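Scroll down for the structure; my scribbles are underneath it.
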Amino acid sequence: MAAARRALRPLCGGAGTSSGGPGASRGRLGAALTRVSPAGPGGGWRWPARAASSGQPSGGVSAGAINAALVGRIIRVDHAGEYGANRIYAGQMAVLGRSAVGPLIQQMWNQEKEHLKKFNELMVAYRVRPTVLLPIWNVAGFVLGAGSALLGKKGAMACTVAVEESISDHYNNQIRALMEEDPEKYIELLQVIKQFRDDELEHHDIGLEHNAESAPAYSVLKTAIQLGCKAAIFLSERI
């Protein structure tokens, strides 16, 4: 379990990471990649302030100073991914919502709802249009969620492991791309992506802890789902 998690977290190196490795890149960001602090006793998270009506990115960065094409691709595809994740969990809840695993699925779904809400806000702040493929991801996500849940709890958890592993890797690639551009320009976006990457890794681990690998034809199922995720990412970035 621990080995699987470490393999998925190349950008989470600690103080003992070599200076040339991913941990050194993370160190350049300092507080930018640390987990954002709880909003208070009421729970939730306190995000950096963003422009309410100007449409300018937050953090005092002018729209002309950022790589708008890169940011647009990132926000568009991440919004699509979180939208799809919500539909997957909706499908799983439709089948397993009243079973013993229902509350656990609902818990993960609630986090995905918060992720989608945040990317909805970022789309407004950065003036990014959504992918035109949302109607397809609406149906495909629900079908995938319900279909995996029809295999039982293990099937649903296998789907979670496959999807969350793909999304975690995808988020890590985005962190690298933004760091190579100029991390100081994208502090808020890096905070958001890092936070959500950590949440997806938690979901991945939950799936493994609940016997995802014992699902029927686990390897085949996981491979097929991850190929679908890669195709969805590729298309949503561009269309």
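For all residues, glycine too, the Cβ spot is worked out from N, Cα and C.
Remember, it's a predicted structure, so these values are computed and weren't measured experimentally.
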| Segment assigned the feature region 'Disordered' in TrEMBL (from 1-28, 29-56) | 1-28
| Glu112, His115, Glu200 bind Fe cation 1 according to TrEMBL; which of Glu82, Glu165, Glu180 goes with them? | Glu82
| query | Cβ within 8 Å of the Fe cation 1 site's Cβ centroid: which residues qualify beyond Glu82, Glu112, His115, Glu200? | reply | Gly81, Ala85, Asn86, Gln111, Glu114, Leu116, Ile167, Phe196, Asp199
| note | Cα-Cα, Glu164 (Fe cation 2 binding site) versus Glu200 (Fe cation 1 binding site), nearest Å, comes out at 5
| Tell me, how many other CB atoms lie within 10 A of the CB of Glu200 (Fe cation 1 binding site), whichever protein chain they belong to? | 28
| query | With a radius of 8 angstroms around the mean position of the C-beta atoms of Glu112, Glu164, Glu200, His203, what other residues of the same chain does the Fe cation 2 site pick up? | reply | Ala85, Met108, Gln111, Thr160, Val163, Ile167, Ser168, Asp199, Leu201, Glu202, His204
